[in-house]
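**Student:** Let me begin by handing over the structure; questions about it come next.
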Amino acid sequence: MTAVRQRRVGKGTEAAEDQPPEEKNVKPDEKILSDHTGGKLWNILSVTVGGIVAISLGLLTSVYVATLHENDLWFSNIKEVEREISFRTECGLYYSYYKQMIQAASIQQGLHGLVYDNKTESVRTINILERMNVYQEVFLSILYRILPIQQYLEPVYFYIYTLFGLQAVYVIALYVTSWLLSGTWLSGLLAACWYITNRIDTTRVEFTIPLRENWALPFFAVQIAAITYLLRTHLQPVQERLTLTAVFIATFLFSLTWQFNQFMMLIQALALFILDCFDILPTAKVTWLYVIQISGLLLVCVLQFFNSMILGSLLISFNASVLIARTIQKNLKKGGLLNRLGKLILHVLLVLCLTLLINKLIKKILNLESDEHIFKFLKAKFGFGSTRDFDANLYLCEEAFGLLPLNTFSRLSDTLLFYIYIFVLFLMTVAAVTVAFRNLSGSSQVQFMEKVEECTITLKPDAAYNLIHTVLFGCLALSTMRMKYLWTSHMCVFASFGLCSTEVWKLTLKGVRLYTSRRMHVIKYSLPIITFLYISYKFWPGIMDELSELREFYDPDTVELMNWIKSNTPNTAVFAGSMQLLAGVKLCTGRTLTNHPHYEDKDLRERTKQIYQIYAKRSPGDVYRILRSFGTDFVILEDSICYERRHSRGCRLRDLLDVANGHVMDGLGENEPDLKPSSYPRFCEEVKKNLPSYTAHFTRVFQNKTFHVYRLAKRQ
């Protein structure tokens, strides 16, 4: 349906821990003062240069992805309808609310249209601000209306430039996190360079601009940077309070902008829980982070008109359970190894049972079923029985929700990122296991403590948190490809930190008995510089070639369809079709939809399954009655779905519908024994033959090489 064709010509300090040890001989007062002043000036210079480099790299990344987007679509030259079509699937749905707010007579009227929306789902009035995370579109539209920029900047450019600008925030946050961990901004430079050179695996913002994760991940990166700083030792009370405020703001913005926030923060809470159990993080700070997660999510819940899916989230249940269990088990961190292990096992079981109990109770009280499709998907994905559930299979058959492809590691290895990451991960994991065992063993084992004393300095609380963070999000990425962007960006941070870390190289050199302070400093600074030069030499020409390649958006069939709808159907017309296409119909034409791609609602999922019977083996009368029950005036059939070849047998949409309906699938291959042949042919194929039983209900009013539009007969 779509093609891209060649364009026609027409805060930290610089390695503070690496300062030489204090001399044994007493120096004159003048020399001490001179050294102190010189060191302070050097730190100021280092922070200034590092800050300038961070901002420059952030801005360059923003310009880079904006240029790629322009070069790929020739966005500045194509028509408005083509620009809007380029926002595919749910991206188009989210952008449509920004457009709706811009075109409203007033801000108040625009907000009223979102709170009482009857065009997104026909024969229903829904609250868009409750159901979807679109406050960012609301905020941007209001900002665009009140700023004096309408004459100089089109609304679409204000929108996409904001998203590209957030990429600058993203890169700066990654840079700062790596700098805080290693103590040198050279580490941040390397992290940013890896993020850019591994762009295919670290971001997809240039072709899925309005996607929720492109709004949320920059704030998540800021939150991680703030947590990394918070977990430093010897913070002043004022610094701690300011950092906690920064963590709360970043957590709130992250939660507000992405519907999957609760699942990401659940993994983050699990990381904090693991480290707290092994006494690696200060309990007081962990408690603050639990409270911040809950309060941030509850504030979002209020703004989303008490969205029940948030109240029933596992995150709230888990964090509450941890705090309750900790109150019950007050002496959890006292005793010997066996005693503490026993307490720890009981603590984990108590937290798990409380989490399930609280979550079950909340869902029972609220009658919550909005997220059941996620758990069905997870159950089927990890082999806990096969399923014929249509929604679960719809996810299972999508490549984005499959395992992470092996060629991802090949690409990451080309930049040396994956090799260095594995090296650092191994060393840090060994240190973490050693420190965890020491903490559980207690202070009586003096000899053991002496042996591992050098390991403890390699696992500061901030490094420990980032270690568990990268491990857990790595597991998530390996199991679900769509979530790899949470892992690969942090991989850049973690690998660059390890390559520039005093602790990592001290542990490595001592392990091979080659440690000297001078040798460690040489390696610490020379290897990152060599790696940076290698990346620049190997990938700079490719980046320049990429920036010089010019293409053009080309999708004439969809453009023709949208123009026909705008010209030949009433504004009140209701359209049925695939979720992905209907999002574009709403954005480009403003017509009412029967269903859409925002799938986090049980009634909508059931509605979508019913609408999709247009691709199943059902009688024309059945399909007509289903469509009319949702107020449908026109139905759009797509050849790319009806005759789908993208997926293998068993994963085509028509196959999923056949199995869900108890019918055998088309084509050669096995079917489950209880599936029966359908009494009717496939609707999307048979309706094109204009047989009397079909023309009595459906009249073809538009067709091209890709789409067929039928008008439904009025009720008799």
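The backbone N, Cα and C atoms fix where each Cβ goes, and this holds for glycine too.
Remember, predicted model here, so these are calculated numbers, not experimental data.
Copied straight from TrEMBL:
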type	residues	note
REGION	1-29	region 'Disordered'
COMPBIAS	1-10	compositional bias 'Basic residues'
TRANSMEM	41-66	transmembrane segment
TRANSMEM	179-197	transmembrane segment
TRANSMEM	217-235	transmembrane segment
TRANSMEM	242-260	transmembrane segment
TRANSMEM	266-284	transmembrane segment
TRANSMEM	296-324	transmembrane segment
TRANSMEM	344-362	transmembrane segment
TRANSMEM	416-437	transmembrane segment
TRANSMEM	522-540	transmembrane segment
**Student:** Let me spell it out: take the transmembrane segment (266-284), skip the flanking residues so only those 6+ beyond its ends count, and list any with a Cβ under 8 Å from a Cβ in it.
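**Tutor:** Answer is 231, 290, 293, 313-315, 318-319, 322, 333, 344, 347-348, 351, 432, 435-436, 439-440, 459, 461, 464-465, 468-469, 472-473, 476.
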**Student:** Considering only the recorded stretches 41-66, 217-235, 242-260, 296-324, 416-437, state which has the highest number of Cβ pairs under 8 Å to the transmembrane segment (179-197).
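**Tutor:** Highest pair count goes to 41-66.
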**Student:** With a Cβ cut-off under 8 Å, give me the same-chain residues at least six positions beyond the ends of the transmembrane segment (41-66) that come close to it.
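**Tutor:** Residues 11-14, 16, 160-161, 164-165, 167-172, 175-176, 179, 185, 188-189, 192-193, 195-196, 199, 203, 205-206, 543, 547.
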**Student:** Could you pull out which residues elsewhere in the chain have a CB under 8 Å from any CB of the transmembrane segment (344-362), counting only those six or more residues past its ends?
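**Tutor:** For the transmembrane segment (344-362), the list is 273, 277, 311-312, 314, 316-318, 320-322, 324-325, 328-329, 332, 368, 440.
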